[in-house]
Amino acid sequence: MLFHGITGGHIQGIMEEMERRSKSADNRLAKTIQVNGRETRMPPLSPEKPTLCAGCGGKISDRYYLLAVDKQWHLRCLKCCECKLALESELTCFAKDGSIYCKEDYYRRFSVQRCARCHLGISASEIVMRARESVYHLSCFTCTTCNKTLSTGDHFGMKENLVYRRAHFELLVQGDFHSQLNYTELSAKGGGLSALPYFTNGTGAVQKGRPRKRKSPALGVDIINYTSGCNENDTDLDRDQSYPPSQKTKRMRTSFKHHQLRTTKSYFAINHNPDAKDLKQLAQKTGLTKRVLQVWFQNARAKFRRNLLRQENGGGDKVEGPSLSAPASTDSAALTPTGAASTLSDLTSPSLNVGASVTPNMDSHESGSPSQTTLTNLF
């Protein structure tokens with residue numbers, strides 16, 4: 001440093017002032033470090049009070065030291081207790097129960113988010129797969145059946161936090177007879193995956209949103225034939241659901257009480273094919289729905305035809321079942337008010353005997369319907 005035009009006394013005074021300011025700056029100099037996300041300024045050492053290192057327990061005589069968790073550390077002593085990584089150059093460190101951890105080891109041991117497959121911790125910087133409320137490692141997001149890794153755009157199903165590919169999930173729900181297949185579609189957003197439910201429409205295409213109910217032919221339900229060997233107190237119905245054609249459906253069984261079965265059999269002896277108004281009154285009388293009654297009468301007609309053919313082919317075999325009585329013709333006495341009143345008394349009698357003769361002409365009684373007087377008197 002050159003001084004021109006200044007006397008020696010002034011130069012000596014300037015040098016002393018610069019030295020004094022340099023010592024003052026050294027005393028105020030400190031090093032900062034973030035502890036658990038907070039920045040902490042390291043105060044300078046005071047020569048009056050010796051400071052002990054929290055790591056090795058020795059006296060700190062260095063010019064600079066580290067302050068973490070309200071304790072002083074040598075630069076070389078602040079290390080992760082797991083991997084022994086020196087933290088003097090790290091921006092953050094974490095403390096738990098008096099131990100110091102680096103960021104990776106802290107998240108690995110004490111992370112709140114855990115993989116739903118391997119149950120290990122997930123680092124905050126790690127890319128994950130999300131499905132519903134569960135989080136998975138990329139390597140753990142695989143099909144439970146075949147262990148194939150699922151990627152963005154693949155369809156999958158979930159059951160009890162277990163992931164299945166679409167084909168395997170279909171086989172799974174076929175065994176459980178689920179009413180709907182709830183798949184999940186992957187879409188990459190924000191490093192994770194969002195779950196979108198969809199439904200199959202039976203043609204291999206994907207139908208988004210709420211599935212439409214298909215219109216069933218005839219009565220709106222698939223009728224299961226009423227065989228002669230089945231229980232007469234039960235009727236089988238197919239669930240009216242949007243199943244794919246190849247998927248097996250579960251039958252819903254309806255049990256009839258004695259008075260319900262007695263009433264339907266007695267009316268079947270009068271008319272094999274009741275209309276909508278008759279079914280409504282039958283439903284009010286028996287407590288059954290019109291849909292169940294429709295299926296019962298259709299099954300009873302099918303059983304009647306089979307027994308009739310068996311009787312004709314077998315040469316006079318005895319016709320079984322109380323529902324095999326043919327309805328009387330429209331001009332018979334059964335449709336008069338007197339005959340209807342007699343039928344009503346038979347309905348309320350516990351010892352009902354329906355033993356009417358079988359009329360082989362089936363076309364005439366299926367197209368006809370009993371008169372209003374007969375149905376009113378019947379109930």
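Each residue, glycine too, has its Cβ placed from N, Cα and C.
What Swiss-Prot says about this protein:
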type	residues	note
DOMAIN	51-112	domain 'LIM zinc-binding 1'
DOMAIN	113-175	domain 'LIM zinc-binding 2'
REGION	232-257	region 'Disordered'
COMPBIAS	248-257	compositional bias 'Basic residues'
DNA_BIND	249-308	DNA-binding region
REGION	310-379	region 'Disordered'
COMPBIAS	326-379	compositional bias 'Polar residues'
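Secondary structure counts, DSSP: the domain 'LIM zinc-binding 1' (51-112) has 8 helix, 18 strand, 36 coil.
If you average pLDDT over the domain 'LIM zinc-binding 1' (51-112) in this model, you get 84.
Remark: secondary structure over the domain 'LIM zinc-binding 2' (113-175) totals 10 helix, 21 strand, 32 coil, with classes taken from DSSP. Under DSSP, the residues of the DNA-binding region (249-308) split into helix, strand and coil as follows: 43 helix, 5 strand, 12 coil.
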